[in-house]
Amino acid sequence: MKKVDVILGLQWGDEGKGKVVDVLTPAYEVVARFQGGPNAGHTLEFNGEKYVLRSIPSGIFQGGKTNIIGNGVVIDAVLFREEAEALAASGHDLTKQLCISKKAHLILPTHRILDAAYEAAKGSAKIGTTGKGIGPTYTDKVSRNGMRVGDVLSADFRQIYARAKARHESILRGLGYEYDIAELERKWFEAVEYLKRFNIIDSEYFVNGCLAQDKSILAEGAQGTLLDVDFGSYPFVTSSNTVCAGACVGLGIAPNRIGEVYGIFKAYCTRVGGGPFPTELFDETGARMRSIGHEYGAVTGRERRCGWLDLVALKYSIMINGVTQLIMMKSDVMNDFETVKVATEYEVGGERTAHFPYEIGDDLKPVYREFEGWKCDLRDCKSYDDFPAAFKTYVEFIERETGVPVKIISVGPDRGETIVR
Ligand code: GDP
Ligand code: IMO
Ligand code: MG
């Protein structure tokens, strides 16, 4: 029985999903995004070019593959159009390669404004969202007020829109939030027309039809497990299920159809926006990770907070997702570090725990294990055997602790800088 392999982030996003999806795509016929929206920024580098994808699956550059935007995704027609047109200008016409689920929800101009208004209302407790309207769009989906891609084909489209807009405007009035929607709205209606040139499909039938024909499918996650609305560091999370189960719901595939679960993590840890981050570094070492790793948001350009690898959180993510293979990214960023640390436990109120807690308070302190740095350029290594002993010790410690093999090690942003064991 053909299965769907899933690739997803195990930390707070930006693990390098875009790069790895691109590397793995040659082995698949279909690549599908299952949740999130333009809050994602997935970077791919090859032939000296760099691309950042937000809503479009990262399989789009490996010619001839079908790419699907699944029902679990939320789409901003304006940002989608910008993304698709930029790709077309660089010679990648997507209209034949890309299918969009009728059941994917639309991000309306007022959703973006609501996102900003809710953040402003939270004051210092704000989430630090990407400002793309993600939360308000998923809220409307769950409260049964959303607009879906399929609605763009309906004769009642304008009326459905007007009702949603009126509802949003009454909330905005209540919040006393000033805004100007005219330009955004004009662009949005034009972009909705543009959307119609793509294949708008019943993606759940398409995906299951592919499986019935023995076609291989790779499901691409966005964000990361610690941003999952159920299992992440709530309320500092995104509004979708970023975990493996999200692939079932976001594409319409049965749980027994999940095959390999590739879990991606950085050799250290980053987070952008607010919320707890136990191993965060506020010192020179964190600043070095940021500058060497170019840790700035692919979409917002915001500084990413940096810290050591957190095995308590990583093991939690592996458990929730049923990870079968690990993929370790950006080890090269720590090439010159004298020592490298990993949190193996937390200390809370004098007690040690290996559990990712319900609430991460200020009294939580990570317990670290220290490793000797590898002090060499990992980019020169072409196979696992070429890696220095100190680096192998680091990798094999993670494997022993997690019980999951590290199958791919990425040593640079380029497609080619990837070592598959
Ligand atoms: P995604 O959201 O998970 O796809 O990750 P992002 O694209 O937001 O962030 C990952 C960043 O790290 C991008 O700028 C990548 O080009 C870069 N990158 C990916 N893998 C590596 C690696 O192994 N080494 C280095 N130095 N950079 C990498
Ligand atoms: P990729 O797919 C990193 C974070 C935001 C904020 C929180 C909620 O590139 O890994 P939202 O706009 O989703 O309501 O913001 O989630 N966030 C991400 N952080 N990578 C992402 O995506 C993210 N998408 C959202 O910074 O803290
Ligand atoms: Mg990203």
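Including glycine, each Cβ sits where the backbone N, Cα and C put it.
Within Gln159, Gln223, the residue that TrEMBL lists together with Asp14, Glu15, Gly16, Lys17, Asn39, Ala40, Gly41, His42, Thr130, Arg144, Thr238, Arg302 for binding IMP is Gln223. The substrate site is defined by Ala298, Val299, Thr300, Gly301, Arg302, Glu303, Arg304, and by the 8 Å test on Cβ atoms against their centroid, the other residues of the chain that qualify are Gly41, Val272, Tyr296, Gly297.
Annotated pair Thr43 (GTP binding site) and Arg304 (substrate binding site), C-alpha to C-alpha distance, rounded: 15 Å.
Proximity of the recorded positions (Asp14, Gly16, Gly41, Ala298) to ligand 3: a Cβ under 6 Å from the molecule is found for Asp14, Gly41, Ala298.
Among the recorded positions Asp14, Lys19, His42, Lys141, Ser331, Val411, no residue is found with its Cα located within 10 Å of the Cα of Thr300 (substrate binding site).
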